[in-house]
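Asks: I grabbed these lines from TrEMBL:
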DOMAIN    30-144  domain 'Plastocyanin-like'
DOMAIN    156-300  domain 'Plastocyanin-like'
DOMAIN    381-452  domain 'Plastocyanin-like'
SIGNAL    1-20  signal peptide
Amino acid sequence: MAGVAFVVFVSLLGLSAVRAEDPYLFFTWNVTYGTISPLGVPQQAILINGQFPGPNINSTTNNNVVVNVFNNLDEPFLLTWNGIQQRKNSWQDGMPGTNCPIPPGTNYTYHFQVKDQIGSFFYFPSIGMHRAAGGFGGLRINSRLLIPVPFDDPADDYTVLIGDWYTKSHKALAGILDAGRSIGNPAGILMNGSPGKNAAGKDDAPLFAMESGKTYRYRICNVGLKLSLNFRIQNHLMKLVEMDGSHTVQNDYESLDVHVGQCFSVLVTANQEPKDYYMVASTRFTKYMLTATGIVRYAGSNVPPSTELPAGPVGWAWSLNQWRSLRWNLTASAARPNPQGSYHYGGINITRTIKLASSVGLVDGKRRFALNGVSHVETQTPLKLAEYYGIADKVFKYDSISDEPPAASAAITAAPNVLNATFRDYIEIILENPERSIQSYHLDGYSFFAVG
């Protein structure tokens, strides 16, 4: 019997040794300048394979994503993958602290795994104000077939990229900031690269199609620089099912406030009269109103949409109350079979509290934003590389700010701003914004819980 057991054991080892890797997705992207006129003004934009916005990445949990990026610009270029956790692999994150930019005329191949993730995300350029010129696109991670999803498969899956837009070039905007001034208000709003109408006021061709009685998934991301936007679809309710990589309690909404960097995933059922309907994105918390539209067409329709656009909400209280209605679905599976809420988050003991206050001012004549009095300056050697090669002390200093903000009158210092933390600590972060405009924060590589 011992001999039989040994043979079975060896066989199992053999099976384990030849187990296939997770599937690979390969992309080759050529990054170039191109001239576009989304708001009627010809301007230089950053295109990926000639496209604005860039191509969608359609992946599945645990896929290996390989993107070979050729930089044909006249300046360094770097892409980051917003929301991808890059587990144990921050070298592919595409931020200046982890990656060297891709020099002009060269290429770099990103290789990362969307490990144990699902949901709706996007990618964008992370240096040189490039995001103001394009270079962004949708990135979705579908659930594996063996993992239950808390809704039926939609008839189709659409990506909607909304965001504010400036007609000044990214170099001009950077020059304005360097001169100590604000970049001001955007010139318009775009939806999938267009305001929805041409210079003569004629509607663009429909962005999406729906068949009566069927349900569709829309992934809505705010890829802009500055403004929160409200999104709605004429005469249709939206059932929120996922946001930023987590399934949510499924509530119906007439409209959704989408803040900069945020992605929502909704289900929309084609249950209205067969005709065309407007999708609308409009500015929030501004004294002015900018709007973009896009058309959803029912199959076989030749009836134009109603010219009366659905009105957006007013005031900040509405938005705050909507945020309070967003809930994690504690019984739904995410990327694994176990429910999202299976960890006892209520039992967390806070190890450290960091209070971060934003401020703005001039440093050597340049307009700088700061956290706790320090405005981050990128180092010539990326921070992670400096640590890896044991030369961090020659490149930057840790903990240049404290866990408490300084007095409001404190001067701003420009320096690398790196906080040290202890592995497996639970950190509470309190964000304070005394400024007159909204600040959006992204804790790169992490999921976090907004608790109050």
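The backbone N, Cα and C atoms fix where each Cβ goes, glycine too.
Those TrEMBL annotations? Automatic predictions, nothing curated.
Source: prediction; values computed, not measured.
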Asks: I'd like the per-state residue tally for the domain 'Plastocyanin-like' (156-300) from DSSP, helix first, then strand, then coil.
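Replies: Going by DSSP assignments, the domain 'Plastocyanin-like' (156-300) contains 9 helix, 71 strand, 65 coil.
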Asks: DSSP helix, strand and coil counts for the domain 'Plastocyanin-like' (30-144)?
Replies: 7 helix, 53 strand, 55 coil
Asks: For the domain 'Plastocyanin-like' (381-452), DSSP counts of helix, strand and coil?
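Replies: In the domain 'Plastocyanin-like' (381-452), the DSSP-based counts are 10 helix, 11 strand, 51 coil.
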Asks: Kindly state the mean pLDDT of the domain 'Plastocyanin-like' (156-300) in the predicted structure.
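Replies: Averaged over the domain 'Plastocyanin-like' (156-300), per-residue pLDDT gives 96.
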